[in-house]
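Quick notes on the structure that follows.
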Amino acid sequence: VPPATDLVLGATAGCLACFLTNPLEVVKTRLQLQGELQPPGTYPRPYRGVLRAALAVCRADGLRGLQKGLAAGLLYQGLMNGVRFYCYSHAEDAGWTGYPGGTVAAGAVAGAVGAVVGSPTYLVKTHLQAQTLSAMAVGHQHNHESISGAFKSIYQQHGVVGLWRGVTGAVPRVAVGSAVQLATFASAKDWVCERQWFRQGSWAAVLAGGMVSGVAVAVTMTPFDVISTRLYNQPVNADGTGKLYRGFLDCILQISSKEGLLGLYKGIGAVYLRLGPHTVLSLFFWDKLRNM
């Protein structure tokens, strides 16, 4: 498949998966912001577990609350996955994925480029998904009226640079996730076919590869996901610097020291339940669209 075609197919696959998994993204964001920089057991917990958190979102924001930030999420998935699969397809054409470790390296680089391109939309998505009633609020509340209003407000206050605030957390997050996802998906799919559990090219082989990939991505990506959410959502000073975290490393140190190491794994249940289906769906759609 030509790289230009993969750009369109990757964007389409990401958007289709996003539409189905966005409710879990909303729940994940709330869980990761809950108890920010506070020792365990010292703060109220309006969100407890994935299912109860989803019900809490519905009570506060209605059923539509589970699709908060959907437009920004679709825009992010389209940009990030389009660029990511485009770059990965170029690496395949150049034969780089045939070298030892080539698949992992190509996935990481492709993910990093996609993260940089899609960073402004992820910033807005995080802001919108964190917004709720004051009684249920966790993390800083930016109080944007809409996706267009969010972009306009951020640009007016902090310029173009402000739209890429938090990108230092997004690049390692997507690079690690992309490397693990693309590498494990390809290997797992080939492995189940070699053992003749499923026929080569069948939907079952694609889903099996995606399920294995989803587990690996959730385990490796959760700490980076928590850091990324915190960096994107934190309040900022007039000059655009964060009020809570100075950057990626400072965020790791502060979470570890104040919330414990398990603070880096907040919302892991929601991360797995979201990343698992999202990985399966996005790779399934991508693989099937390529075959078509």
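From the backbone N, Cα and C atoms, a Cβ is placed for every residue, glycine too.
Per TrEMBL, these features apply:
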type	residues	note
REPEAT	1-94	repeat 'Solcar'
REPEAT	98-191	repeat 'Solcar'
REPEAT	201-292	repeat 'Solcar'
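Under DSSP, residues within the repeat 'Solcar' (98-191) fall into helix, strand and coil as 75 helix, 0 strand, 19 coil. Taking the repeat 'Solcar' (1-94) as a whole, pLDDT averages 91 in the prediction.
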